[in-house]
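A.B. asks: Sharing the feature lines straight out of TrEMBL:
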- 44-66: transmembrane segment (TRANSMEM)
- 168-195: transmembrane segment (TRANSMEM)
- 215-231: transmembrane segment (TRANSMEM)
- 243-260: transmembrane segment (TRANSMEM)
- 297-323: transmembrane segment (TRANSMEM)
- 344-362: transmembrane segment (TRANSMEM)
- 418-441: transmembrane segment (TRANSMEM)
- 462-481: transmembrane segment (TRANSMEM)
- 487-509: transmembrane segment (TRANSMEM)
- 521-540: transmembrane segment (TRANSMEM)
Amino acid sequence: MISIRQRKGVKTTEVPEDYAAQEANVTLENKLPSGGTSRRLWKLLSLMVGGTIALCIGLLTSVYLATLHENDLWFSNIKEVEREISFRTECGLYYSYYKQMLQAPTLMQGFHGLIYDNKTESMRTINLLQRMNIYQEVFLSILYRVLPIQKYLEPVYFYIYTLFGLQAIYVTALYITSWLLSGTWLSGLLAAFWYVTNRIDTTRVEFTIPLRENWALPFFAIQIAAITYFLRPNLRPLSERLTLLAIFVSTFLFSLTWQFNQFMMLMQALVLFTLDSLDMLPAAKATWLYGIQMTGLLLVCILQFFNSMILGSLLISFNLSVLIARKLQKNLKTGSFLNRLGKLLLHLFAVLCLTLFLNNIIKKILNLKSDEHIFKFLKAKFGFGATRDFDANLYLCEEAFGLLPFNTFGRLSDTLLFYAYIFVLSITVMAALAVAFHNLSDSANQQSMGQMGKCTIILKPETAYNLIHTILFGFLALSTMRMKYLWTSHMCVFASFGLCSPEIWELLLKLIHLYNPKRICIMRYSVPILILLYLGYKFWPGMMDELSELREFYDPDTVELMNWINSNTPRKAVFAGSMQLLAGVKLCTGRTLTNHPHYEDNSLRERTKAVYQIYAKRSPEDVHALLRSFGADYVILEDSICYERRHQRGCRLRDLLDIANGHMMDGPGENDPDLKLAGHPRFCEEIKRNLPPYTAYFTRVFQNKTFHVYKLSRNK
């Protein structure tokens, strides 16, 4: 990471008086035994102990989260329909394909049902393996069929235990990353403790099990650990090749399991671009990583039947642009400071323009519109003009896509994580700025990463990578709350590494003139141990109380609805309603849907907006015509949406529909001057009065406190 070294090639250089004392500043693992053999035995023992602790802490975290899930829902005791309802929104949709594969008479029929699916979207046959990232459900269903476990383990438990098992891998990968950065497994232990004690902000797996990020993030953590090791200098050829293989496999699995993979890896590519431009990273290794990103993504593209959204991703355009610009711009890393800075700005401008050009060309060739809602959302979010676009506003009004709440920092501070993170971040940022300035100033005399010339501060490539990584993902989390789980987990790694890093403490103690090799050794071990004791003392009783708290799943209205659908409607009936509810209908009843929560398709977004007119101010004739155009036989109305109070005025679903339709919103408050009074009352309210204009098209067939189901007449 950061260390002080003798200046090279300058005869008049003054060597600090305490430089010779650095030889005594070795790790505790190397100090205790004397002799080369004893030292190797001690390293082997430390590796075995640290590895054992990593596996144990990972397994304990997995068991802890699984126990919380069981205690919260009493999952082992509730009915099958209740278990399935507990997989809310898109989680239920993904799990339904696992269930569908298991119910298929043969694997080939199961694959055929996914490739030629006509039940997820009515009146349309879609390839689910192309549209969605559900290969993990396919793989698990095959495993469950093949392994001799059917008599001992229910399918749902095989599924959820796999996800909780991935959490063990996740925590172990975080542990190893911190260990690699600091040189001691104590930092890995502290990272794992911080991950668990900050569970509210580091994971949501126990209540959103099938969510795509819970599949993907463990592989992302493995990839970061492998990159951290790969960026170490002087790796043996075999170690380097094996590490590249680990990076490729983890990148591929990460890309295969999450539809937002391209955006996360674009952030990584920006990290590599920044470090490469500032000479903090060997250019050859950066090229390898660019290539692995593109290769992994293109392989996923093939497996997803040439998904156009992948081909049109910004990541592929950016990586190609970086490699092309690097070839075109010779001698980019030579010259004086101002000369080098000018070249760097020109390089940045060239890469940006080339990226936008390539991306626009690819999208025009492919006629790609699948991700346009994301850019509309980003444009509105960052103040580049207000929008009345329904899809963009749907995201803007969700808390998960808003700014990171300020109380998050209060929770992170209670565990001392945020304070430690800021402390380590401040020191490493100052070191990075010093190294970057030196690299730009002395580039004429510096031909490789190994020749640091006059710079007395060295930032190791693996540390520089994790520094820029945590900064960029921090900005992402601050701007979009849902992405905080990518940042907070890495925050645990980065903070724990810094507190256990001899280079961090050496630099700090020298700055305050208290440097002593023994003090470094004392600080890097005593501080994390004291924090671990504090975390155990403060949070252990609460964790035990949490494990002893028993609750039970209770949603009788939804259970009643699903049972009624199963008993009283044809198997081929088509249902319309909210995206979230219809995912549950698909899972619990197997009925055909008009729309669903997987929103990465332009035609589906248009269909969803049309179906949602049931909550707008539209005539019964219009609503009936829209629903019948999608083949709907039944429509489910929810009071929680029709009379919504969760969002403020302007963000309720009915308000978004009114604005998109050019109608004034309900209730006290201002309206834009061009909005007009609607010519019809709100459909979801008026239909309950059973007036002739409505009963001519809709017949109520079921109702309870939450849901109202209407059967559509087949008359035009």
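Note that Cβ sites are derived from N, Cα and C of the backbone, with glycine treated the same way.
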A.B. asks: At a C-beta cut-off of under 8 Å, are there same-chain residues at least 6 beyond the transmembrane segment (168-195) that contact it? List them, or none.
C.D. replies: 1, 27-29, 46, 49-51, 53-55, 57-59, 61-62, 202-203, 217-218, 221-222, 224-225, 228-229, 232, 415, 417, 462-463, 466, 489-490, 492-493, 495-502, 524-525, 528-529, 531-532, 535
A.B. asks: Out of 44-66, 297-323, 418-441, 487-509, which stretch has the largest tally of CB pairs under 8 angstroms to the transmembrane segment (215-231)?
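C.D. replies: Highest pair count goes to 487-509.
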A.B. asks: Could you check whether the transmembrane segment (243-260) and the transmembrane segment (44-66) come into contact, where contact means at least 3 Cβ pairs under 8 Å with the two residues of each pair 6 or more apart in sequence?
C.D. replies: no
A.B. asks: Same chain only, please: residues at least 6 beyond the ends of the transmembrane segment (44-66) with a C-beta under 8 Å from a C-beta of the stretch. Say none if there are none.
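C.D. replies: Sequence-remote neighbours of the transmembrane segment (44-66) are 29, 160-161, 164-165, 167-172, 175-176, 179, 184-185, 188-189, 192, 195-196, 199, 203, 205-206, 543, 547.
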A.B. asks: Pairs of Cβ atoms less than 8 Å apart decide it: which stretch in 344-362, 462-481, 521-540 has the most with the transmembrane segment (487-509)?
C.D. replies: 462-481
A.B. asks: Residue list, the transmembrane segment (344-362) vs rest of chain: Cβ under 8 Å, 6 or more residues beyond ends.
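C.D. replies: For the transmembrane segment (344-362), the far contacts come to 273, 277, 311-312, 314, 316-318, 320-322, 324-325, 328-329, 332, 368, 440.
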